[in-house]
Amino acid sequence: MPDTTPDKTPEPAKGKVEDSTPTAGPRVDDEATERAEAVDTTPDTSVDISVPEVAALPKGKLLEVDDVTLRFGGVTALDGVSFHINTGEILGLIGPNGAGKTTCFNVMTGVYQPTSGGVKFMGEPLGKRKKFQITKLGIARTFQNIRLFHNMTALENVLVGADAHHSTGMGSALLRLPKHHAEESEGEDRAYELLKFMGLDKRANELARNLPYGDQRRLEIARALATNPKLLCLDEPAAGFNPAEKARLMELIQTIRDQGYTVLLIEHDMKLVMGVTDRIVVLEFGKKIAEGLPAEIQDNPAVIAAYLGVDEDAS
Amino acid sequence: MNAVSSFFHGIGDRFRGLPRWARIVLMVAAVVFVYFLPILNPPLITTTDSDFGAVLFTCAMYALVAIGLNIVIGYAGLLDLGYIGFFAIGAYTVGVLGSQHAKLPLLLCIPAAMVVTLISGVILGAPTLRVRGDYLAIVTLGFGEIVRLILINAGGLTNGNRGISNIPTPPGVDLFEIPKIRWEGLTAFVDLDNTTTFLKFGVTDSVPYYWLALTLVGVVLFLDWRMQNSRVGRAWEATREDEDAAELMGVPTFRFKLLAFATGAAIGGLSGALFATKQQFINPDNFTILYSVLFVAMVVVGGQGNRWGVILAAALLTWAPEKFRFLSDARFLLFGLALMALAIFRPQGLLPPRRSVRASKADAETEVLEEGVARA
């Protein structure tokens, strides 16, 4: 019985049902169902979402992936992969389908333990840290297939992220200690700031599942940013977007970087990545085949071969 | 069936729309009414075939159980089929400390019962909450039975099948007599022969026990509300929605699941302690697996995650079999049929949490819109 989700309720919307909640007073949530009404969801990139603690990180290597190998039984998903991310840059992690990009993410965020090799964050090995501890340390991520908390509102989704740096426990929640109030209002301020930045502040009280696809994608980024990440990992954030939407999202990601965050971006689309990233790492069949500036990657024969296939006559 | 929740949510909306003073007056009136139910004996509601005060006490006791189990199932999404185990541990803690092996006063036994069940919740939860879904259900199902078997076989501690008697009652004072109301048709009479002594916890009169249980329900509800409207409640909800995503957003999911489990257990223990002091005699037969199923039914029928829903269901599922006692065994048939009908026509429960009502409405609308587009 884990959550009898009401999706299956065979109840057509009857006019009568809606009439039964009259003059309810100012309830923002009830407008959630009136989605036909257009809400302006243009991101407002002028909002300052920077965090001093993140902005003050010293320049240099933020994260080092050191000779990571990961095997699942006989399958080698990652094979001696090494690269690093510098503070304040956007690093693109690209490669064809099944190259191990997401697996690489999963190793960095503690979902998988590497078979050999290791990941260092701010000079310290991640070791056997649990997933939530790594998030608290400063690595946050989004998911390739959206994994929001669907039955929670947009605001609550972001609040869960903000709770990563809160420590209110049962005791202070029950007694409503000052700490509870301080953290709740800090979290809410931060959440509204991020929602405004993403252009979602007018949808704060809508359920995540009722948001349009593009808004859900941006909400996931907002939720990850709420944890005050030193490194923000985006797993194909533009999947399913049309070219214009993709370009807009890339601009948004650049703004996030300009506000002091370090971004690791997985993307499928080579052309798109070229424009926004500072450096690029290319994976194929679990191996790193190239690393360098976008211009260098563009002309790299191994990369071209990986993406376009090798012309057999040419060899 | 949808009318049920629309009706109640409609009431909720109107209530929230009222000015502050009106809300306070209404709330006080409702509380007073509920407290005076066994005195008023309102026709239609009162049970003629069994003592109304005792029925109400059981309702309040099970409401407590439902609130506790709602934290585990409704908030944290952990299916616990062995909740009777915690109820039993609570009752036996009071029995052992208050009668069998020591003569501690009840006011010490009750907190002790909560602490012992809390600890047993942690002991059961720490290894088992690592498994998910169906596996957790099976493990907890086993736990409920194990507790009962231990109660039977650990004779030195629990007196085995003979049970424990002479369990202490709460300290009371005889202050004044409250005459009950007797109804003949729609005329009310003050029945001076049938009275309840204010706060005398005796053997025959269940009304003071009802007041005690109701007060505890109020306190626990308040704490439950505070928990749910905080970081803790959000963490539970996120864990229920998507455990992996929650963990990757910095929620220590295991710790919060354990917290939900232990809190729920402690509330179950409190309810068990009430049961023990009311019955004054307990034996292992009081704690069979059927009760675990009944408790889960209360939470599911009420609407997982809505504290008012599960209280309503707990009261309904306790009261209805007593009210319709004249149907004798046919009651159970009807009970089963009613549960089946509910599962088919209203799987989310009588009174699901408000936001899932909204979500399903929105889904239905989307469906209609999509169909419209497809037809056009």
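From the backbone N, Cα and C atoms, a Cβ is placed for every residue, glycine too.
Given the structure is predicted, the values throughout are model-derived calculations rather than measurements.
Look at TrEMBL and you will find B:21-40 (among others) tagged as transmembrane segment. Long-range contacts of the transmembrane segment (B:21-40) within its own chain (CB-CB distance under 8 A, at least 6 residues past either end) are made by residues 15, 52-53, 56, 178, 180-181, 196, 206-207, 210-211, 214, 218.
The feature transmembrane segment is assigned by TrEMBL to B:52-73 (among others).
The transmembrane segment feature in TrEMBL is assigned to B:80-98 (among others).
According to TrEMBL, the feature transmembrane segment maps to B:104-124 (among others).
Annotation source TrEMBL lists transmembrane segment at B:136-156 (among others).
Residues annotated as transmembrane segment in TrEMBL: B:208-225 (among others).
Residues of the same chain lying 6 or more positions beyond the ends of the transmembrane segment (B:258-277) and with a Cβ under 8 Å from any Cβ of it are 61-62, 64-65, 67-69, 71-72, 75-76, 78, 80, 83, 86-95, 98, 106, 109-110, 113-118, 120-122, 124-126, 129, 167-170, 201, 209, 212-213, 216, 220, 227, 232, 236, 286. Taken from TrEMBL, the feature transmembrane segment covers B:258-277 (among others).
Annotation source TrEMBL lists transmembrane segment at B:289-320 (among others).
According to TrEMBL, the transmembrane segment annotation covers B:332-351 (among others).
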Legend entry - For the transmembrane segment (B:136-156), sequence-distant contacts whose Cβ falls under 8 Å of one of its Cβ atoms, 6 or more beyond its ends: 78-85, 88-89, 92, 124, 128-129, 284, 287-289, 292
Inset, instruction - Determine which residues of the chain contact the transmembrane segment (B:104-124) at the Cβ level, with the cut-off under 8 Å and only residues 6 or more beyond its ends counted. - result: 82, 85-86, 89-91, 93-94, 97-98, 140, 143, 168-171, 258, 261-266, 268-270, 272-273, 277
Legend entry - Same-chain residues at least 6 beyond the ends of the transmembrane segment (B:289-320) whose Cβ lies under 8 Å from its Cβ atoms: 5, 8, 47, 55, 58-59, 62-63, 65-67, 69-70, 73-75, 79-85, 87, 141, 144-145, 148, 217, 221, 224-225, 228, 331, 335, 339, 342, 348-354, 356
